[in-house]
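Q: Take a look at this one; I'll ask things after.
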Amino acid sequence: MGVNSNRVESLECRETVLRIPPEEMSAPPQQTEEIHKVCLPPSQTTLQKLKHKLSEVFFPDDPFYRFKNQTWFRKLLLGLQFLFPIFQWGPDYTLALFKSDIVSGLTIASLAIPQGISYAKLANLPPIIGLYSSFVPPLIYSVLGSSRHLAVGPVSIASLVMGSMITEAVSFNEQPTLFLKLAFTATFFAGVFQASLGLLRLGFVIDFLSKATLVGFMAGAAVIVSLQQLKGLLGIIHFTNKMQFIPVMSSVFHHKDEWSWQTIVLGSIFLLFLLGTRHISIKKPKLFWISAAAPLTSVILSTILVFLLRDKVPGISVIGHLPKGINPPSLNMLYFTGPQLALAIKTGIITGILSLTEGIAVGRTFAGLKNYQVDGNKEMMAIGFMNMAGSCSSCYVTTGSFSRSAVNYNAGAQTAVSNVVMSATVLITLLFLMPLFHYTPNFILAAIIITAVIGLIDYQAACRLWKVDKLDFVACVCSFFGVLFISVPLGLAIAVGVSIFKILLHVTRPNTMVLGNISGTQIFQNIDRYREASRVPSFLILAIESPIYFANSTYLQERILRWIREDEERIKATNDSPLKCVILDMTAVTSIDTSGIEAVCEIRKILMQKSLQFVLANPVANVMEKLYKSKALEQFEFNGLYLSVGEAVMDISSLWKRQP
């Protein structure tokens, strides 16, 4: 009878190396099993490997597959469609689609106008900047964006972060021009950062903002934003610019003498009205138009009411004068030199990441509902170029808003033309309707903001995190309390740090387990998970569920030796068959480095000193190639390398039986 040496001499792999006669197997006599050789992957040059790796990292979706085997004219057309999605759906645009887009565009405009003014106030910017930011960016996105339902404009979280970060260094009341310069410059750098991620296909950078991190961050930000609006709801004139819980609440109670009961009554009435319409739309989605029209309706009613009561109740704070006209150019206000440049860059990157995360998440959500795909890299470029252009036209950071996009979707939007309709409506407002907002009270803006951000508090998601993954819940809680009590950027940084710690924990302390055989099969599974899986006498079968890297090689070596020690102690206690062989199932070991190879060789040396056989089962192609090139594979030539755990157990058992 031949012997299975498992020697790897070439890249060719013969299928069958050894056939075990039935009488020498523990399996039933009617079965005949084959022992297969473990193959090396096909030979590739270093350039081929690099090309493949770069392709997998940067082009996993193979965006250029449409260009294969096409004429030059067809390639030009496909290139235009790739860069400008409007050329993809534009030729098939019909009047019926336009009717739907007009309705949805007018609907989201009724929401975008009051929200734009409110969010600009949240960012400590003049209210008119919010309307400017609802005019130019949507036009650019309609040409470059790939989502049909994304409604573009200012959003609460980016407004909060930008306002809080810049206010820490510069006060708008004291240095309004410098504040505007920093806001526009931060918007420019946010756009550069976003477009660069898309062009370089580095979208995985934003994946470090995990779902758990965002749940806590959004909830903390929503609480802080809502508390900040007490200034408008209570009629307080002197209020803190800080964005932490304790300073905000201290400011509220230290200025009780400034509370205005008229403002409190009117603000509470409109806040209850807005919350009520929101509740109705949540319970009955077909009535979405009620919550969509409520903000503008509230603005109109409150403005008329304050105008009529201006003589009897003069103490109600109003927006005041808003200039008419379209966006003035702001290229000359970009701030590229000076002591605050670092602040502008940092603010731009942080707000860029947050707005990009929200915009792409919203776009993919509604694309999934309508069964079409949104290209993440295209979206990054579209949002990036949109913000770069916006920074030159008196706009601050914009992205896709979930609330406006939901209204856009429910209103029946079919294409990005709904954004064009919204921009046209905002343009008319800028040109002709600005004087009508003079008596718009600040309490209505506060009520609109509270109604918008309250939906960001997702307590159900936090409960799910607690049930599913406690470490994710810790990241969520750290993010929430960090934003609430420290600061918005530091709270976000703490949450990202916890998420990265979780990744490092999984990498440095991977799962290992003991496998047992399910009787009557060649299946080996975790004995703690499957009761029907039993240990194989004289074998200890271990599995690792991670790559073996320098970061975890020492831990894995120590853990495997501990498994062996514990198994030997179990054998002594139960008088089972003595341990003869340790099999390491490498099916889930997707990669290995030099430290990992050294750890495997060191384990083999230690087991040889104990007269124990060490066997590797089913190493993947990448691992196999590195073991071969490091010559570590030579140590496993004689019955040390198998295609599966089942074949290893069967072949080694048969060899033991043949030994005298």
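Keep in mind that glycine also has a Cβ here, set from the backbone N, Cα and C atoms.
Straight out of TrEMBL:
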TRANSMEM  72-90  transmembrane segment
TRANSMEM  125-144  transmembrane segment
TRANSMEM  151-172  transmembrane segment
TRANSMEM  178-200  transmembrane segment
TRANSMEM  212-239  transmembrane segment
TRANSMEM  259-275  transmembrane segment
TRANSMEM  287-309  transmembrane segment
TRANSMEM  420-437  transmembrane segment
TRANSMEM  443-461  transmembrane segment
TRANSMEM  473-501  transmembrane segment
DOMAIN    529-652  domain 'STAS'
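Looking at the shown structure, can you explain where the listed features end up?
A: Same-chain residues lying 6 or more positions outside the transmembrane segment (72-90) and placing a CB less than 8 Å from one of its CB atoms are 63, 66, 142-146, 148, 378, 415-416.
With a threshold of 8 Å between CB atoms, the same-chain residues lying at least 6 positions outside the transmembrane segment (259-275) that come near it are 232-236, 294-295, 298, 301-302, 305, 313, 315-317, 441, 443-444, 446-448, 450-451, 454.
Nonlocal intrachain contacts for the transmembrane segment (443-461), taken as residues 6+ away from its ends with a CB within less than 8 angstroms of a stretch CB, comprise 114-115, 117-119, 121-122, 127, 156-157, 211, 215, 218-219, 221-223, 225-226, 229-233, 235, 263, 266-267, 270-271, 274-275, 278, 295, 298-299, 302-303, 316-317, 319, 402-403.
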Q: Relative to the transmembrane segment (212-239), which of 125-144, 287-309, 420-437, 473-501 accounts for the most Cβ pairs at distances under 8 Å?
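A: Between the candidates 125-144, 287-309, 420-437, 473-501, the best contact partner of the transmembrane segment (212-239) is 473-501.
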Q: What stretch of 125-144, 178-200, 473-501 shows the most Cβ pairs under 8 Å to the transmembrane segment (420-437)?
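A: Stretch with maximum Cβ contacts: 125-144.
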Q: Can the transmembrane segment (178-200) be said to touch the transmembrane segment (125-144) if we require at least 3 CB pairs below 8 Å and skip pairs under 6 apart in sequence?
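A: In contact, yes.
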